[in-house]
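The next block holds one structure in the form of structure tokens; read it before the comments.
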Amino acid sequence: MAYLDDNAKKSKGAVMIVLSLVLTMFGSTIGFLLASFSLKFYIDPGVTPDFGTTDPRWIGAWWLGWGPLGVMTLVFAIMMSMFPRTLPRAMQRKVKAAVAAGRSYVPEEIPKPSLEDFWKTMKRLFKNKILMCNNLSTTFIIFGYDGQMLFLPKYMETQFNISATASNLATGSIGLLCTAAGLLVSAFFIFKFKPRARYLAAWNVFTEMMDVVGFLSILMISCESLNFQWSTLPDGGKTIDMPCNSNCACDSSIKYSPVCHLSSRETFFSPCHAGCQDSFFSQNGTKVFSDCSCTADNGPVLDGPCPLDCRSAFIIFIVVQCVQRFLGATGRAGNCLIQFRCVDVADKAVAFALLEVLLCVFVFIPGPILYGHLIDMTCTLWGMTCGKTGNCWIYDAEKLRYYVYMPIFGCLFIGTLWDIGVWYFVKDLQMYDDDELTKDLELKDSKARDKKSRFKALAIAFGGN
């Protein structure tokens with residue numbers, strides 16, 4: 001992004017940055033769509049399981065895209081390394097600017113890298129109040145968003161009882177497209193109206209406050225949970241071994257194979273844990289287990305968990321997400337521009353690198369670990385593999401909602417406070433080239449004078465003063 005900003009006019013910097021971000025969003029959308037396609041296939045190509053993609057035991061072929069995408073990434077990285085330090089048009093602008101100033105153009109001398117120069121640069125950056133407030137705001141906000149983006153498919157599967165394929169499709173197609181739309185709208189607005197830095201910073205504060213409100217509303221969006229059958233232990237824990245299935249001698253390492261008693265809408269861990277003695281296939285091919293001692297009428301149970309209708313809650317969730325993504329994206333271009341304009345040109349790339357380091361150390365490494373641990377804390381039923389704890393089969397949906405979104409809410413709130421600091425310190429920051437801004441202001445004044453003259457002419461024509 002620093003390269004794009006260096007080689008474009010300042011008035012077009014926002015457009016270039018946004019196009020880069022939109023392409024990134026487009027890439028993420030393709031990634032989620034590819035994941036949606038890949039997860040339709042079972043993880044082991046040589047195995048055909050006897051359960052479908054909506055079954056909690058299904059693990060899709062997550063590895064399918066890594067090979068081709070890795071090769072493509074390498075090819076594009078080689079192509080990017082071939083670009084010159086300064087693009088031809090950017091060089092022409094520098095020469096014209098020097099001639100207009102009455103001096104000859106002297107190519108910028110590239111300083112020899114030294115540890116002393118590096119420390120001077122870092123000291124300069126850490127003393128930059130706008131940059132540090134912006135960096136801290138970005139770190140907290142991305143920490144919140146990263147937690148949501150990483151586990152959003154899992155969250156939607158658990159909360160709204162949808163398949164991994166559907167959750168990845170919704171994440172990639174709807175959410176990211178709204179983000180891209182917000183970026184394009186903000187780029188057009190900045191390019192057309194050239195708002196001051198303080199207006200851009202104020203808009204960032206507003207959009208983040210709306211994000212906080214949005215995440216609070218998401219805490220209220222819920223769906224009915226599976227009526228799962230188990231016994232409560234004296235210590236408050238839960239077990240799937242109940243008096244009604246004590247004679248069945250169910251193996252503790254048995255795989256999760258949920259069955260549903262339709263009349264009571266009760267879900268059991270497996271046919272054995274429902275106390276079933278026999279099985280047969282119905283006319284439509286559904287496997288039915290009969291003589292089940294754990295059901296109210298000793299009636300049959302069907303293969304698979306009981307169906308839940310979460311369509312209304314899911315649609316509301318998607319709408320709230322779209323509004324959040326759109327509004328949040330409208331502030332991202334202004335945020336990037338402030339990041340680049342608040343430092344010297346020579347420090348631009350280092351300032352961006354500093355932000356990347358902060359994100360890696362405080363977001364991208366600890367974030368998945370923390371959010372993964374919080375999600376694990378909401379698990380109510382762990383699977384067993386070779387006598388050891390395996391995958392989680394059942395999550396407490398209400399706990400999951402609060403454990404995931406309360407930290408996100410807190411991070412966004414703290415990030416908003418730091419953005420208020422950006423708004424306070426950014427008041428005198430120059431965002432656009434002097435000549436372009438002057439031309440723009442002159443054009444606006446000229447239009448205002450023409451408009452005033454027309455009104456005055458009309459007033460005289462109709463006998464006014």
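Using the three backbone atoms N, Cα and C, a Cβ is placed for every residue, glycine included.
Copied from TrEMBL, the annotated features are:
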type: TRANSMEM; residues: 14-43; note: transmembrane segment
type: TRANSMEM; residues: 63-83; note: transmembrane segment
type: TRANSMEM; residues: 130-152; note: transmembrane segment
type: TRANSMEM; residues: 172-191; note: transmembrane segment
type: DOMAIN; residues: 238-296; note: domain 'Kazal-like'
type: TRANSMEM; residues: 349-371; note: transmembrane segment
type: TRANSMEM; residues: 403-426; note: transmembrane segment
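A contact between the transmembrane segment (349-371) and the transmembrane segment (130-152) is present, since 3 or more of their C-beta pairs, 6 or more residues apart, lie under 8 Å.
Per-residue pLDDT, averaged over the domain 'Kazal-like' (238-296), rounds to 85.
Each residue of the domain 'Kazal-like' (238-296) gets a DSSP state, and the totals for helix, strand and coil are 6 helix, 16 strand, 37 coil. Contacts between the transmembrane segment (130-152) and the transmembrane segment (403-426): present, as 3 or more C-beta pairs lie under 8 angstroms, all at sequence separation of six or more.
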